[in-house]
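Participant: Just lifted these from Swiss-Prot, have a look:
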- Lys279: active site (ACT_SITE)
- Arg353: active site (ACT_SITE)
- Lys267, Asp272, Asp290, Glu351: Mn(2+) 2 binding site (BINDING)
- Asp272, Asp349, Glu351: Mn(2+) 1 binding site (BINDING)
Amino acid sequence: MEFSIKSGTPEKQRKDCVVVGVFEARKFSDAAAVLDRASQGYLGDILRTGDIDGKPGSTLLLHSVPGVAAGRVLLVGLGKERELDEHSYRKALRAAIKALHTLDDADVAICLAEVPVKKRDTAWRVAQVVEIAEDSTYRFDRFKSKPANGKKGIAKLQVHVTRRSDVAEGEKGLRQGKALAAGVSFAKDLGNLAPNYCTPSYLAEQAEALSDSHGLQVEVLEKEDIEKLGMGSFLGVTKGSVQPPKLIVLQHRKGKKSQKPVVLVGKGITFDTGGISLKPGADMDEMKYDMCGAASVLGTFKAIAELDLPLNVVGIIPTCENMPDGNATRPGDVLTSMSGQTIEVLNTDAEGRLILCDALTYAERFEPQAVVDVATLTGACVIALGHHASGLFSNKDSLAEELLDAGNEAYDRAWRLPLWDDYQSQLDSNFADMANIGGRAGGSITAACFLSRFAKKYDWAHLDIAGTAWKSGKEKGATGRPVPLLTEFLKQRAGK
């Protein structure tokens with residue numbers, strides 16, 4: 001989709017469609033009022049019929065409105081004028097984009113960014129238009145032999161602002177929205193790929209391509225390098241697969257040379273059968289999404305590179321498959337991690353923490369200001385929080401607050417769960433320093449407790465995205481979360 005910013009009167013726009021907002025109680029937005037005057041009260045007559053009530057997300061598509069150059073006018077409900085908030089605004093945008101999906105290769109002008117939203121500026125309103133337009137029209141059809149029958153929808157979207165003086169702010173919002181949308185789409189594409197395509201080697205190739213196109217530094221460590229580092233926990237997960245593991249290290253170095261980096265660690269299990277502790281067959285196909293932590297790190301790097309954030313950021317992605325095989329790790333095996341701590345593997349399906357713990361130890365060499373790991377780690381987190389909020393754990397209150405604030409700002413929310421010492425005893429083992437599981441009770445918490453044992457030398461947070469990284473059912477597909485949260489967090493760290 002091609003985006004642009006413009007100020008000007010909506011009635012003169014020679015477009016396939018002009019989108020304007022209406023409020024409840026038959027009240028016009030400023031742009032809608034201009035169209036009503038140009039049409040000599042035509043829109044007012046439409047509102048009086050009650051065909052659209054102005055409630056958030058309601059729409060009405062009109063054709064050949066008198067006095068308006070555009071072929072169509074889409075009215076979009078915004079709710080009560082004095083109560084227009086972020087939620088209602090975003091709902092209206094989604095409804096508008098959905099209503100226009102029947103158009104074919106359309107050139108559209110949207111005048112919703114002109115409407116005041118509580119505590120939000122022009123740049124934010126414009127960025128939301130771009131992000132929601134791209135998200136709502138995203139399709140993954142790489143493996144379709146024939147293109148889906150249907151219209152192409154919107155080809156060009158011109159975002160209108162009220163005054164010429166607003167154009168610069170609008171352009172800023174356009175850049176931010178496009179960068180974030182690109183990062184989210186990249187993460188979605190990686191998540192949606194079939195696991196016979198998206199292997200650890202493929203992820204490494206994508207990281208290298210991203211580095212080449214966006215001026216990043218990248219290093220891909222092979223199995224031999226991982227062995228030399230003493231990452232016995234990571235290697236224990238890889239033993240059942242013919243796909244070679246990779247440790248991908250990305251660097252965005254745009255901060256001061258003396259600035260310590262923020263480190264993002266992404267779980268990259270490109271397919272998870274559960275290993276010897278084999279998962280049930282039902283819905284196992286969705287275990288291709290077990291690399292969405294890695295995908296979100298790559299997507300975030302794409303976004304911050306396009307934003308040219310003045311910050312030093314390191315991405316660490318341990319990636320492999322978890323497969324059953326004659327060589328695979330067995331329940332009862334003891335692994336020695338890079339930190340020297342030993343782990344009794346009671347369940348090979350609790351493998352994400354086994355690759356992450358070595359990556360967290362590896363992160364120490366960068367002397368980070370903070371480390372955030374991202375992982376589709378536990379089904380227990382889905383039971384606790386459902387599919388709306390990611391689980392957040394941290395050993396530093398101020399870091400947790402930053403991430404919570406970033407999630408609220410980006411509408412990619414998280415909820416903090418406890419990391420109390422009381423839970424640590426559930427990981428006790430008779431045969432090693434710890435077990436890799438702590439029983440059914442508090443499963444997401446004990447998983448975070450496990451990781452915390454490898455993150456004692458820096459400020460650390462863990463995002464469990466098992467409930468938010470993808471959708472099942474009719475809308476099955478990767479969501480791209482938490483790229484918005486992570487990008488906003490890094491923007492705030494960079495002072496942007």
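Cβ from N, Cα, C; glycine included.
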Participant: If I take the alpha carbons of Asp290 (Mn(2+) 2 binding site) and Asp349 (Mn(2+) 1 binding site), what is the distance between them in whole Å?
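Facilitator: Pair distance, Cα basis, whole Å: 12 Å.
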Participant: Specify the count of other C-beta atoms within 10 Å of the C-beta of Asp272 (Mn(2+) 2 binding site).
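Facilitator: So the number of other Cβ atoms within 10 Å of Asp272 (Mn(2+) 2 binding site) is 26.
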Participant: For Asp349 (Mn(2+) 1 binding site), what residues in its own chain, 6 or more apart in sequence, show a Cβ-Cβ distance under 8 Å?
Facilitator: Asp272, Gly274, Gly275, Ser277, Leu278, Lys279, Asn322
Participant: Cα distance, Arg353 (active site) to Lys267 (Mn(2+) 2 binding site), nearest Å?
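Facilitator: If we compare the Cα positions of Lys267 (Mn(2+) 2 binding site) and Arg353 (active site), the gap is 8 Å.
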Participant: My understanding is the cutoff is Cβ-Cβ under 8 Å with a sequence separation of 6 or more in the same chain; which residues meet that for Glu351 (Mn(2+) 2 binding site)?
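Facilitator: Set apart from Glu351 (Mn(2+) 2 binding site) by at least 6 residues yet with Cβ under 8 Å, we have Val237, Ile269, Asp272, Gly275, Asn322.
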Participant: Using DSSP reduced to three states, classify Glu351 (Mn(2+) 2 binding site) as helix, strand or coil.
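Facilitator: Its secondary structure by DSSP: coil.
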Participant: What other residues of this chain sit with their CB within 8 A of the center of the CB atoms of Asp272, Asp349, Glu351, the recorded Mn(2+) 1 site?
Facilitator: Val237, Ile269, Thr273, Gly274, Gly275, Ser277, Lys279, Met287, Asp290, Asn322, Thr348, Ala350, Gly352
Participant: Cβ within 8 Å of the Mn(2+) 2 site's Cβ centroid: which residues qualify beyond Lys267, Asp272, Asp290, Glu351?
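Facilitator: Other same-chain residues near the Mn(2+) 2 site: Gly268, Ile269, Met287, Met291, Asn322, Gly352, Ile355, Ala375, Thr376.
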Participant: Quick one: give me the count of other CB atoms within 10 A of the CB of Lys267 (Mn(2+) 2 binding site).
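Facilitator: Step by step: centre on the Cβ of Lys267 (Mn(2+) 2 binding site), count other Cβ atoms within 10 Å, giving 29.
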